[in-house]
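Now, the feature entries from TrEMBL:
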- 5-152: domain 'Lactate/malate dehydrogenase N-terminal' (DOMAIN)
- G11, A12, A13, G14, Q15, I16, A17, N105, Q112, V129, G130, N131: NAD(+) binding site (BINDING)
- R92, R98, N131, R162: substrate binding site (BINDING)
- 157-319: domain 'Lactate/malate dehydrogenase C-terminal' (DOMAIN)
- H187: active site, proton acceptor (ACT_SITE)
Amino acid sequence: MKAPVRVAVTGAAGQIAYSLIFRVAHGDMLGPDQPVILQLLEIPPAMGALNGVVMELKDCAYPLVAGIVASDDPNVAFKDVDYAFLVGARPRGPGMERSDLLEANAKIFSVQGKALNDHASKDVKVLIVGNPANTNALITLKNAPNLNPKNITSMMRLDHNRAMSQIAEKAGSHTTKVEKVVVWGNHSATQYPDISYATVDGKAVKSVVDNDWYVDTFIPTVQQRGAAIIKARGASSAASAACSAVDHMRDWALGSNGKWVSMGVFAAGNPYGIDENIMYSFPITCENGQWKIVEGLEISEFSRDMMAKTEAELVGEREAIASLL
Ligand code: NAI
């Protein structure tokens with residue numbers, strides 16, 4: 001057995017965490033020979049519920065769980081962590097404007113960025129899930145100047161997986177046969193799910209589906225999948241979000257084996273002319289614990305427009321919280 005690694009999860013009494021923590025404890029993220037110490041963060045009113053989660057974790061008698069810390073103090077929950085899932089966020093309340101939401105979350109993520117900066121392992125891998133995920137990740141990054149900006153990412157994998165599943169279903173194939181899908185930009189309705197390079201069963205997806213389906217059905221379905229799930233389930237996607245968070249961290253830590261994934265990353269130095277001071281989702285491959293943007297892709301005029309729209313939204317979000325950066 002290896003030495004245990006420390007994994008932090010915030011929003012640990014929430015819906016996503018209720019699936020995510022148990023998947024991590026089971027070994028789905030780092031494999032069956034990697035013990036984990038779970039470090040769970042909540043806000044004071046949710047500590048009772050978090051205690052219930054801890055009781056259930058103990059009742060699972062997981063062989064890989066080497067310790068559990070539950071706290072309402074980010075300085076405790078992030079102490080020496082190797083992996084951090086920042087899931088907890090302020091939801092939009094009645095009468096709240098978008099700018100109020102951005103600001104309320106900016107406050108949470110500046111505190112947590114500082115705590116990561118001061119207490120986490122210097123190589124910590126951070127995934128921001130709580131919405132608005134990309135801008136929350138930017139705030140975290142700006143408040144953690146001692147961490148490598150490459151170690152802070154935001155979750156676009158759910159959008160990526162949704163796109164793969166729509167293609168597989170349309171082509172009568174399976175997600176394991178779908179490759180080179182990209183979701184560019186923001187985790188929001190402006191995101192751009194792009195099939196320009198995608199293949200299914202080794203054939204170009206563009207030669208298998210017609211362009212009307214792509215533009216009028218596929219793109220809006222992927223963009224609005226979150227809202228469709230809320231409508232159907234009466235609650236936002238949780239198990240699928242947890243699944244994607246595990247996928248993101250596993251591929252980042254253990255490698256994507258040449259497979260393309262979508263990750264929200266700090267855009268500094270990106271080869272596609274995107275504003276360099278936002279967190280933007282690109283096509284990525286992972287190897288040896290590092291991610292890398294896939295370079296040299298030809299960008300069509302349609303793609304350029306779609307990429308610019310989602311970029312403009314992220315620039316707008318950054319401007320709304322500029323005073324906190
Ligand atoms: P939830 O409301 O069930 O749980 C959130 C938890 O976070 C609550 O228990 C709350 O007490 C806690 N929390 C709030 N502020 C906190 C803080 N400062 N520190 C620690 N914990 C805090 O929500 P759910 O369904 O688990 O979703 C969590 C977030 O993930 C939401 O912002 C949601 O919009 C986002 N999300 C992101 C996705 C993505 O693809 N990036 C996909 C699905 C959801």
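Note: Cβ is positioned from N, Cα and C throughout, glycine not excepted.
What TrEMBL says about a protein is an automatic prediction, not a curated fact.
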I'd like to confirm something. Which of the recorded positions, G11, A13, Q112, H187, has a Cα closest to the Cα of N131 (substrate binding site)? H187
Please give the average pLDDT for the domain 'Lactate/malate dehydrogenase C-terminal' (157-319) in this predicted model. 97
A13, A17: which of these binding-site residues has the highest Cβ count within 10 Å of its own Cβ? A17
So if I measure Cβ to Cβ from G11 (NAD(+) binding site) and keep only same-chain residues at least 6 apart in sequence, which ones fall under 8 Å? A17, L41, E42, L86, V87, G88, A89, G130
Determine how many residues of the domain 'Lactate/malate dehydrogenase N-terminal' (5-152) DSSP places in helix, in strand and in coil. 68 helix, 28 strand, 52 coil
Output: those binding-site residues from G11, A13, Q15, Q112, G130, N131 whose CB lies less than 6 Å from an atom of ligand 1, in sequence order; none if no residue fits. G11, A13, Q15, G130, N131
Of all the recorded positions given, namely R92, R98, H187, which is spatially nearest to Q15 (NAD(+) binding site) at the Cα level? R92
C-alpha spacing of A13 (NAD(+) binding site) relative to R98 (substrate binding site), in angstrom: 25
Candidate nearest R162 (substrate binding site) in space, where candidates are the recorded positions A13, Q112, H187 and distance is Cα-Cα: H187
What whole-number Å value do you get for the CA-CA distance of Q112 (NAD(+) binding site) and R92 (substrate binding site)? 19
Rank the binding-site residues R98, R162 by how many other Cβ atoms lie within 10 Å of each Cβ and give me the one with the fewest. R98
